[in-house]
């Protein structure tokens with residue numbers, strides 16, 4: 001079940017997260033939120049920015065999401081494919097919630113809100129280590145978080161539950177959710193930021209293309225983990241599977 005579940009979420013995505021600057025450093029900070037008042041209705045919200053430049057927005061119910069590209073970094077045909085792929089993903093995401101509800105109706109708790117925060121930051125001074133992070137929250141409470149130095153997922157709650165322990169066991173089993181994520185955050189994301197500082201004023205079009213690739217890669221992992229949190233929480237009702 002989990003293998004099929006993860007495979008379903010390995011779709012090419014572009015939106016759903018927020019990138020922003022922190023004081024004194026160059027950073028990428030991403031946030032994606034999905035809200036389900038009941039099994040049959042979902043609403044998604046997200047945006048993407050590079051530095052202080054807002055590049056994409058996403059908002060709306062699962063069956064009528066509005067997705068906008070604010071910067072012309074993808075040609076119309078390419079953007080149409082990206083937009084279509086994301087809408088298909090969101091539709092399948094909503095269908096997955098309904099499926100789990102049908103299977104475990106007595107254990108599902110609504111409303112349900114899942115948020116996924118992931119990013120990397122360059123320090124204001126040379127010689128300091130970059131800061132990278134990946135945190136998942138369910139219904140406003142810390143659920144799990146990623147420790148990049150050890151490539152281990154840990155509980156984000158003061159009181160670990162069987163649901164959280166089960167989730168951690170699954171996340172710490174797969175190379176994709178451990179070492180591939182570690183490499184992407186510590187290497188790919190950080191290197192992109194370093195290169196962006198150098199090239200942002202001289203190679204605008206190239207920056208746009210590399211930024212698109214970066215977002216695609218990060219968000220694949222972003223939605224995988226957010227999806228795992230949704231699936232486990234719905235399956236357990238916050239208690240046990």
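Using N, Cα and C of the backbone, Cβ positions are placed for all residues, glycine too.
It should be emphasised that the depicted structure is a prediction, and the values quoted were computed from it without experimental measurement.
Under the heading N-linked glycosylation site, Swiss-Prot lists 47 (among others), citing sequence analysis as support. Residue 47 (N-linked glycosylation site) is surrounded by 21 other CB atoms, counting those within 10 A of its CB over all protein chains shown.
Close to residue 64 (N-linked glycosylation site) in the fold, though at least 6 residues off in sequence, lies no residue with a CB less than 8 Å from its CB. Summarising the annotation, Swiss-Prot assigns N-linked glycosylation site to 64 (among others).
The C-beta environment of residue 139 (N-linked glycosylation site), restricted to residues of the same chain at least 6 apart in sequence and closer than 8 Å, consists of 111, 112, 113. Residues annotated as N-linked glycosylation site in Swiss-Prot, with sequence analysis given as evidence: 139 (among others).
The secondary structure of residue 165 (N-linked glycosylation site), as reduced to three states from DSSP, is helical. As annotated by Swiss-Prot, N-linked glycosylation site applies to 165 (among others), with the evidence given as sequence analysis.
Annotation comment: Swiss-Prot describes 175 (among others) as N-linked glycosylation site, evidence class sequence analysis. According to DSSP, residue 175 (N-linked glycosylation site) is assigned to coil rather than to any helix or strand. The Cβ of residue 175 (N-linked glycosylation site) lies under 8 Å from the Cβ of no residue that sits 6+ residues away along the same chain.
Feature annotation from Swiss-Prot assigns signal peptide to 1-20.
Residues annotated as topological domain 'Extracellular' in Swiss-Prot: 21-213. Restricting the average to the topological domain 'Extracellular' (21-213) gives a pLDDT of 76.
Per Swiss-Prot, topological domain 'Cytoplasmic' is recorded for 235-241, and the stated evidence type is sequence analysis.
According to Swiss-Prot, the transmembrane segment annotation covers 214-234, on the basis of sequence analysis.
Taken residue by residue with DSSP, residue 47 (N-linked glycosylation site) is part of a strand.
Cβ-based neighbour count (10 Å, all protein chains) for residue 165 (N-linked glycosylation site) stands at 11. Rounded to a whole value, the Cα-Cα separation of residue 47 (N-linked glycosylation site) and residue 165 (N-linked glycosylation site) is 31 Å.
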